[in-house]
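These notes concern the structure reproduced below.
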Amino acid sequence: MAANDRAAAPGKSGGSAGADGLMRASLSAVAPGTSLRDGLERVLRGNTGGLIVLGSDKTVESMCTGGFVLDVEFTATRLRELCKLDGGIVLSSDLSKILRAGVQLLPDPTIPTEETGTRHRTADRVSKQVGFPVVSVSQSMRLIALYVDGQRRVLEDSAAILSRANQALATLERYKLRLDEVAGTLSALEIEDLVTVRDVSAVAQRLEMVRRIATEIAEYVVELGTDGRLLALQLDELIAGVEPERELVVRDYVPEPTAKRSRTVDEALAELDKLSHAELLELSTVARALGYTGSPETLDSAVSPRGFRLLAKVPRLPGAIIDRLVEHFGGLQKLLAASVDDLQTVDGVGEARARSVREGLSRLAESSILERYV
């Protein structure tokens, strides 16, 4: 198999988070444009079935009976021909070789499975027992199913995936447009010191919505393989800066810890991530995830940013200097009021950098106000 035709080997699972990562790696390994996917499509078109284990170790070898050892380079045509045999196929862990063919796989029969067909039940049990992905090609149902540590994914053709991906991309464009609007409003309110918890929650809500739809599209990109290159470029352009902005908003507004309530930036981000779709639509729930009480009175209460988000927009300003400026001045309003001399009192800020920060903040303030009122 040519190196440029072969995706990265998926490896083995390791826990729930590992299973999710293995599923993505496995989808990439069988995506359109790879030799493995080409071979699977040939098997499907040839009206034959197949059971392919994507990896090998002592556990896999111990459950193999019959068949024969090959240890030959993987090619799509070889896979097609070997699937004509009545038995499973075992590939090397890097998917570069066909190790065994025509084998009968005997996984632990007590492993629970909801599959009905013999081939699919075996594939599900093998993937659960050995941790390697297993592909089952159904002759009667004419489908390719991927089993990864208890998860099952039916591989679709590119046209069906692209149709859903384009719908999701159109949704992302609308979400991003709305995010830009509320983020611009927040910037103007920050300059005027008129921000409420409601304003912050609205921006955090939109950032999370954009991030989630982008994650969904990223899954489509993985499934599409070479057919998803244009989609990947569009996605990268739309979500540029969204993840850093999400963290900056939380750093700016996560409440100061108190005796009754405290939440770190990482904890707030994790709480936002755990919100269900219905919960994300409620600003009060978003506010609680950020660390506020979420009551109607709290939503309308005033808050002031620390200044991380606006300082990050100043060109060529290192993160370490931003942290020192925020720590020294304690809030955005004091930063906006600081003179060049005041800024120079911060460690690492010389006259040139102080002037750059002063001019950068002034330009941001002017543009934010103009965008809101003009």
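From the backbone N, Cα and C atoms, a Cβ is placed for every residue, glycine too.
The feature ATP binding site is assigned by Swiss-Prot to G87, L105, T118, R119, H120, R121, T122. If you look up Swiss-Prot, you'll see 20-158 marked as domain 'DAC', on the strength of sequence analysis.
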Overall pLDDT for the domain 'DAC' (20-158), taken as the rounded mean: 94
Farthest-apart CA atoms of G87, L105, T118, R119, H120, R121, T122, residues recorded for ATP, distance in Å: 14
Remaining residues near the recorded ATP site, that is with C-beta within 8 Å of the centroid of the site residues G87, L105, T118, R119, H120, R121, T122: L51, G88, G117, A123, V126, S136
Least surrounded among the binding-site residues, given as T118, T122, when other CB atoms within 10 Å are counted: T118
Other CB atoms, at most 10 A from the CB of R119 (ATP binding site): 19
